[in-house]
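Enquirer: Pasting in a structure now, in structure tokens, and then I'll have a few things to ask.
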Amino acid sequence: MKSRPQEFQEDFYIPIPLDTNNITALSPFLVPQDHLGGSGIFMIMTVFMLFLFIGGTSINVLTIVCTVQYKKLRSHLNYILVNLAISNLLVSTVGSFTAFVSFLNRYFIFGPTACKIEGFVATLGGMVSLWSLSVVAFERWLVICKPVGNFSFKGTHAIIGCALTWFFALLASTPPLFGWSRYIPEGLQCSCGPDWYTTENKYNNESYVMFLFCFCFGFPFTVILFCYGQLLFTLKSAAKAQADSASTQKAEREVTKMVVVMVMGFLVCWLPYASFALWVVFNRGQSFDLRLGTIPSCFSKASTVYNPVIYVFMNKQFRSCMMKLIFCGKSPFGDDEEASSSSQVTQVSSVGPEK
């Protein structure tokens with residue numbers, strides 16, 4: 001049966017040919033989207049989103065509580081990690097939970113207004129998380145590489161860094177609320193995000209996608225690569241100068257490993273969205289498998305779980321305090337880990353060039 005042209009809808013868009021000219025009857029706000037996938041794929045996504053909701057909420061609440069509980073964790077450089085936890089919490093409690101309920105029902109049961117709210121909040125949280133990763137890199141470059149001499153990193157600088165992540169995130173996430181792009185159901189139509197699909201219409205989605213690619217992917221990724229590249233260069237120079245120092249050699253290996261993991265974590269989270277959005281812009285009008293359109297959203301929401309693992313659990317001092325909190329004051333790793341962490345942090349922080 002030949003597919004018919006689709007009518008344009010203000011609140012949703014299904015980018016595949018359908019055997020009906022009454023697309024309103026298949027609205028993702030009204031009926032289960034069984035025409036897009038079998039019950040198995042919806043059940044898999046339901047379980048996955050439930051895992052992200054429980055895991056993301058638990059680990060980020062634990063990060064915040066642990067920081068409040070232990071004074072030693074309330075250093076200026078850790079402010080941005082708490083900021084990251086707050087943004088992740090926003091995504092997991094709003095984005096992942098809403099997606100879980102919707103996948104369970106196989107359509108977005110909350111309606112078009114809630115879709116716009118969920119899309120905005122999840123995008124805002126995701127953007128804050130994204131910018132937090134670049135601020136983490138910038139702050140470490142500032143403290144370790146000392147590009148401005150013996151710069152003293154204070155609480156004011158940390159707060160400014162956190163505030164900038166929210167400012168940039170609002171700059172990127174609010175335009176769809178005012179007509180530059182729009183928030184609609186994406187992928188299997190059970191979660192909402194910016195409109196990556198439609199082209200050549202009043203929403204100017206192509207220009208918005210290019211704006212996001214440059215401002216929210218290209219620029220932060222450049223900052224991360226530059227800062228971590230400089231950091232590794234500084235550590236390698238220090239390691240050569242102190243070839244007999246086992247602690248310096250160990251610090252270099254540990255930081256190199258962490259940098260690689262951090263860069264890969266950023267790419268895993270945001271490269272699928274960036275690639276998918278660009279593909280849509282440069283292949284206008286082509287249909288695609290909606291299950292593939294769901295993948296970028298899955299990766300970005302999954303970052304609420306794996307980013308804390310990278311940035312918090314790979315921090316030995318943070319991990320030690322977290323284990324003490326979980327095990328009622330007794331860390332199963334003992335106190336040696338915390339001591340070695342302090343020693344290593346001191347070693348790494350002092351390798352920058354003198355000005």
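Cβ atoms here come from the backbone N, Cα and C positions, even for glycine.
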Enquirer: Do Leu36 and Gly111 end up on the same side of the membrane (judging by the domain labels in Swiss-Prot)?
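Expert: Judging by the topology that Swiss-Prot records, the two residues are on the same membrane side.
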Enquirer: Of Cys192, Cys214, Cys216, Cys227, which cysteine does Swiss-Prot list as the disulfide partner of Cys115?
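Expert: In Swiss-Prot, Cys115 forms its disulfide bond with Cys192.
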Enquirer: From the list Asn150, Asn205, pick out the residue that Swiss-Prot labels N-linked glycosylation site.
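Expert: Swiss-Prot records N-linked glycosylation site at Asn205.
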Enquirer: Could you list the residues of the same chain, at least six apart in sequence, whose Cβ is under 8 A from the Cβ of Lys301 (N6-(retinylidene)lysine)?
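Expert: Counting only residues 6 or more apart in sequence, the Cβ neighbours of Lys301 (N6-(retinylidene)lysine) under 8 Å are Met49, Leu52, Gly56, Val91, Ser92, Gly95, Ser96, Ala99, Ala122.
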Enquirer: Within this structure, do the transmembrane segment (208-235) and the transmembrane segment (290-314) have 3 or more Cβ pairs under 8 angstroms, counting pairs 6 or more apart in sequence?
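Expert: Contact absent: fewer than 3 Cβ pairs fall under 8 Å.
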Enquirer: Which of the three DSSP states, helix, strand or coil, fits Lys301 (N6-(retinylidene)lysine)?
Expert: helix
Enquirer: By DSSP assignment, list the helix, strand and coil residue numbers for the topological domain 'Extracellular' (282-289), in that order.
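Expert: Counting residues per DSSP class in the topological domain 'Extracellular' (282-289), I get 1 helix, 0 strand, 7 coil.
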